[in-house]
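J.: A single structure is presented below for examination.
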Amino acid sequence: MFLEERRNNILDYLDKYERVSVAYLATSFAVTKETIRSDLNVLAQLGLVQRCHGGAIVIRRSLQAKLITETDGTFEVLLRRLESQKRKVQEPERGKNMRGKVCILGSFNVDIVARVARFPKGGESLLALGSTLGPGGKGANQAMAASRAGAQVHFVSKVGKDQFSQFAFDHLSASEIHSFTLYQSETEPTGNAIIYVSQQDGENMIAIYSGANKTITDEEVAAIAPELAGAEVLLVQLENNFNATLNAMKLANALGIRVILNPAPYSADALQCLEYVDVITPNETEASLLSGVEVTDLNSAKEAAQRIAALGARRVIITMGARGAMILEGSQFQHIPAFPALSVDTTGAGDAFNGAFAAAIATGQTIAQAATYAAAFASLAVEREGASNMPQHQQVVARLSQR
Ligand code: RIB
């Protein structure tokens with residue numbers, strides 16, 4: 001076997017299994033360990049693998065500053081081409097894998113958090129009890145949650161060309177997120193969020209500067225078609241430029257993939273895309289704004305869900321924190337009670353729910369089963385500090401068994 005072929009085979013192997021030892025490769029290719037070490041060193045120098053003790057691990061997708069454009073000019077042309085290849089997947093076939101595949105297009109933000117005894121009033125300076133700077137953004141948080149919930153996640157996001165873009169890359173590379181495509185904006189900075197978390201009850205206040213999150217182009221969305229094609233579920237939120245989110249939903253529809261829309265933060269844009277959405281998951285505030293019905297209890301949640309369905313949504317789940325979640329599917333309501341939790345930080349609770357819900361749906365669970373799993377997952381997330389700080393699947397299983 002020629003050197004090039006051997007190195008390509010090593011890359012193929014790493015693509016599949018993510019990690020390999022020098023000894024294994026030497027035996028497989030019937031060459032010396034020295035030869036394999038030199039192959040791995042060359043591949044590492046090219047940035048294709050990462051050396052580790054006794055072998056190598058795959059380097060996840062590298063920062064993509066360049067666009068991959070093979071769309072015959074327009075996004076609509078790509079859509080038409082995909083429509084003709086639409087997957088004919090029957091419902092029972094979906095999610096038959098134990099580890100469902102979820103594609104998430106969404107934001108990455110750097111969260112600057114101040115822990116306060118209470119929220120400051122207008123014009124007031126207040127000493128914070130503590131402060132952190134960490135990864136956030138609804139998209140990235142949901143990608144973390146879905147990964148911890150066991151899904152094989154591909155995350156698509158866009159950052160700037162500033163010091164925070166390296167922070168984003170390092171965070172995503174070190175996380176359990178299976179793979180990611182991280183675009184870079186030439187002009188806009190990495191998104192950030194200024195967050196207050198009240199010590200009283202873990203409640204939060206957030207101001208978001210979207211920056212690069214709002215600059216995803218048609219070509220950048222088109223380039224994720226192969227990743228999307230391999231997924232069971234696309235999960236999106238509203239922290240990116242709406243056109244990118246809409247295009248991703250159209251692509252998913254063309255490929256026959258389920259779409260979950262978390263309409264957060266609220267934007268009336270959500271009403272424009274309901275035809276592409278399988279499940280919409282507003283919280284109480286977003287449901288009130290979408291429906292015009294103020295959600296204050298289970299009855300008003302039912303009324304709001306009916307109104308949202310009348311606007312074109314196929315399935316609605318209204319998440320209500322301590323009041324649980326209200327599902328409307330067809331004409332059937334189902335209430336999922338919340339799991340009791342000792343809340344220290346509610347930031348990212350919705351992200352925990354949505355990521356876990358998408359992961360469960362991708363494994364073939366019903367809406368009610370997935371929402372119950374997601375409610376348990378979110379109850380554990382609010383017991384931890386930090387929006388992206390998600391629990392592990394085993395902890396969720398333990399909490400579920402307490403019910
Ligand atoms: O949902 C919480 C998230 O909202 C934070 O991480 C912040 O970045 C904003 O996107």
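Glycine residues also receive a Cβ, built from the backbone N, Cα and C atoms like all the rest.
Curation plays no part in TrEMBL annotations; they are all automatic predictions.
Annotation source TrEMBL lists domain 'HTH deoR-type' at 3-58. Residues annotated as substrate binding site in TrEMBL: N109, V110, D111, G137, K138, G139, A140, N141, E239, D351. Here TrEMBL flags N283, T319, M320, G321, A322, R323, G324, G350, D351 as ATP binding site. The K(+) binding site feature in TrEMBL is assigned to D345, T347, A381, R384, G386. The feature active site, proton acceptor is assigned by TrEMBL to D351.
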J.: Of the residues in the domain 'HTH deoR-type' (3-58), how many are helix, strand and coil by DSSP?
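T.: Output for the domain 'HTH deoR-type' (3-58) reads 36 helix, 11 strand, 9 coil.
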J.: With every protein chain in view, how many other Cβ atoms are within 10 Å of the Cβ of K138 (substrate binding site)?
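T.: Here the count is 30.
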J.: Report the same-chain neighbours of N109 (substrate binding site): residues 6+ apart in sequence with Cβ closer than 8 Å to its Cβ, ordered by sequence.
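T.: For N109 (substrate binding site), the qualifying residues are P135, G136, G137, A140, T190, G191, N192, A193, I208, N213, E239.
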J.: Sort out for me which one of G324, T347, G386 has the most neighbouring CB atoms within 10 A, since those are the binding-site residues we care about.
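T.: The most densely surrounded of these binding-site residues is T347.
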J.: How many other Cβ atoms are found within 10 Å of the Cβ atom of D351 (ATP binding site), counting all protein chains shown?
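T.: Taking every protein chain into account, the count is 29.
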J.: Fewest other C-beta atoms within 10 angstroms of its own C-beta: which of the binding-site residues M320, A322, A381 fits that?
T.: A322
J.: Sort T347 (K(+) binding site) into helix, strand or coil using the DSSP assignment.
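T.: T347 (K(+) binding site) sits in coil per DSSP, no helix or strand.
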J.: Hey, what's the Cβ neighbour count for D345 (K(+) binding site) at 10 Å?
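T.: The answer is 23.
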J.: Work out the three-state DSSP category of G324 (ATP binding site).
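T.: Looking at the DSSP assignment, G324 (ATP binding site) belongs to neither helix nor strand, so coil.
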J.: Around D111 (substrate binding site), which residues of its chain at least 6 apart sit with Cβ under 8 Å of its Cβ?
T.: T132, L133, G134, P135, G136, G137, N192, A193, I195, T347, G386, A387, S388
